[in-house]
Every structure is written in structure tokens, then in C-alpha cells.
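In Swiss-Prot this protein carries:
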| type | residues | note |
| --- | --- | --- |
| TRANSMEM | 21-39 | transmembrane segment |
| TRANSMEM | 43-60 | transmembrane segment |
| TRANSMEM | 73-95 | transmembrane segment |
| TRANSMEM | 101-123 | transmembrane segment |
| TRANSMEM | 130-152 | transmembrane segment |
| TRANSMEM | 162-184 | transmembrane segment |
| TRANSMEM | 191-213 | transmembrane segment |
| TRANSMEM | 223-240 | transmembrane segment |
| TRANSMEM | 245-267 | transmembrane segment |
| TRANSMEM | 271-293 | transmembrane segment |
| TRANSMEM | 305-327 | transmembrane segment |
Amino acid sequence: MRETVKLIEVARELPVSRKNLQMLLLLLLCGAAAYIINLADPALEPLFLALVFGIVAGNLQRDEEKKRVVERYVPFLLPIGITLYGVNINIPYLGEFHPEIVAATLISTSLIFLTVFWLSSRLKLSRQMSILLACGSGICGVSAIAIISPLIKPRKEEFSAAIMIITAVGLTGAILYPSIAHYASISPDEFAVLAGATLHQTGIVKISSQLFGVEEEALAIKGIRIAMIALVVLILSIIYSESRFYVPWYIVSFLGVALFSSTYLPGEVVQALRPLATVMFATTLAAICYTVNVGRVQRVGVKPLFASYAGWAVGVAFVLLLLGSGAL
């Protein structure tokens, strides 16, 4: 209740003028454009596109007053965007899967997460950057990074770099997986397991698996990993809370929306709400990245890229080993 009142107070304090409304419209256009492009090419994650649009717009205009205005809108947009994005999280019923597939997916996800986090730590990346890369690699790509970032509070350049890196690794997978499937002689059903258990973004899983006619199977397996974001968010919110056992209200509402939309809302209602949720969250990312300096993003270096690729390679090797041994 207290934080709801606080959000209302933030909304009341937002600067309202013709110029500021034009800025808000620009951010909304960034989010809408990202969503529309994703409809044409699902491999291009709308949150990633919104990030790029926000960075480009901010660095082209170089108006410090506008950046200050945008920064004041972010605390209002972020909790709403995260809450609504819960409709994009489908919590699957694990009884629909073979136990060995569930186990393999959970183990490979954990293996990727731990490998990326360990390597990032060894390479002396910040704890926040390590968590962003680990969650993005192991769970659900850009979405995971965007959802957990308010909890761990990384630097803006780390946030932007993590999204770009995870997108690059995912696109690499989309290019290489057909060749891997050919040389490893795996069946379409086995490819669904490989794609669903190791690829980063949902759109890339969809495109890759369409080539083998196993789109639904691969997306269902990917859904197991996506559902893990609920547990990770809950754990991180407790670890990083300023008060003991405190979970931010927008995290609770995000989890509630995800659970409600997965179990009670009719499928057609969920499908109708997802565009709104995606555009809203994409708009929020455009606002966050509007104030990002490109030069600082470049200074992040190649170490995060190495850690992410290495963790992904370990996950792929593990799943291929299981498939080759006949365990799946």
C-alpha cells in the first residue's frame, strides 16, 4: 500500500509540458517500432531493439535537459512495465513433459547459469554484470536481464552491454544449430530439446525449431526455463532488499500476473494483452537506455562476451552428450 501511494506521488510529480509529452511519445514510438519489427522478424527481440533505439535517440540528441526528464519518467514506467510483462511468462504444467526432459532442461539451465557466473567472477567482472549475464544466458535472454536489473541495480552501461551480448550469442546459436543438428545426426524431436534447453531468446527458439517442424515442442521446453525467472526474481529480491525479507511490490505483482495469466485467463485474453505488455516494457527499456553513453558501453570489453559464449557452449555440449548417449 505504501509503495502504491509512492508510485502515485511519483506520477503527480512528473513534469507535464508539450516538450515533455513529445519525449514520452518518442519513447513510446521506440517501443511500438520494436514490437512491429519483431512481428516481421521474431529473431529480433523487441526489448533489444527498444534498447538500441533508446541509445541511438539519446546519443543523437545529446540534450541533457531531455535526459533529466526521461530519468524522472523511468521510476513510473518501470514497475508498470514489469508488472504487465507477467502476461508474457507462461508457467507450464510439468506433468505434460517426460521427467528426463524436465531434469535435463533444469540441469542444463543451472549449468549454463553457474558456468557464466563463475567465469564472469574469475574474469573480475562486477557481481551485477555476472548475474545479468548468467540469468540472460541460462533463463530467458533479454527478458530476464530486463526484469532482474531493478533488483540488483547494475550500471546502465553494464545493463546495455549485457543485453547486446546475450542477443549476439543467441543469434550465433540460430546460425549454428542447423549445422550442429546435421553433423550430430539428431532427430527433429531431439532438436526441440537442444533448442528449447539452450537457446536464449524465445523468438530464436521459434525460428530455429520451425526448420524441423518442432516449434511447439521446443517452445514448451523453453517455457520450463522461462518459468524459472519467477524463482530467480524472488531469491534476488530477498538477497538485494534493503529491508530483511522484503520483496518489491512490482515483483509480487509480476509473479501474480504471470501465475494468473498462466492458469486462469483464457488464452485469447492473454494473446490480446501481450502486445500491450511488450510495448510498455519496450518503452521502459528505451527510456532507461536513452541516457546511456555509447562510449561507456564499449569500455565494458570482451570479457563478458567470452563468459557468455563459454557458458552457452558448456550447455550445448551437455545436452548433446545426453542425446548421444540415448538418455533423452
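Using N, Cα and C of the backbone, Cβ positions are placed for all residues, glycine too.
Note that the structure is predicted; figures quoted are calculated from it, not measured.
Where the transmembrane segment (43-60) meets the stretches 162-184, 223-240, 245-267, 271-293, 305-327, the count of C-beta pairs under 8 angstroms peaks at 271-293. In this chain, the transmembrane segment (130-152) lies out of contact with the transmembrane segment (21-39); the count of Cβ pairs under 8 Å, excluding pairs fewer than 6 apart in sequence, is fewer than 3. Residues 27-28, 30-32, 34-35, 38, 46-47, 49-55, 57-59, 66-67, 70-71, 73-74, 77-78, 80-82, 84-88, 146, 156-157, 159-160, 261, 265 of the same chain, all 6+ positions outside the transmembrane segment (271-293), place their C-beta atoms under 8 angstroms from a C-beta of that stretch. Across the candidate stretches 130-152, 162-184, 223-240, 245-267, 305-327, the maximum count of CB pairs under 8 A to the transmembrane segment (191-213) is reached by 162-184. Long-range contacts of the transmembrane segment (223-240) within its own chain (CB-CB distance under 8 A, at least 6 residues past either end) are made by residues 89-92, 94, 97, 102, 105-106, 109, 131, 135, 138-140, 143-144, 147-148, 151-153, 196-197, 202, 246-248, 251, 254-255, 258-259. Counting same-chain residues at least six beyond the ends of the transmembrane segment (245-267), those with a Cβ under 8 angstroms from any Cβ of the stretch are 3-4, 78-80, 82-87, 89-92, 147, 150-151, 230, 233-234, 237-238, 273.
If one looks beyond the transmembrane segment (162-184) by at least 6 residues along the same chain, the residues whose Cβ comes under 8 Å of a Cβ in the stretch are 43, 45, 47-48, 51, 129, 132-133, 136-137, 141-142, 145-146, 154, 191, 194-195, 198-201, 204, 207-208, 211-212, 297, 304-305, 308-309, 312, 316, 320, 323-324.
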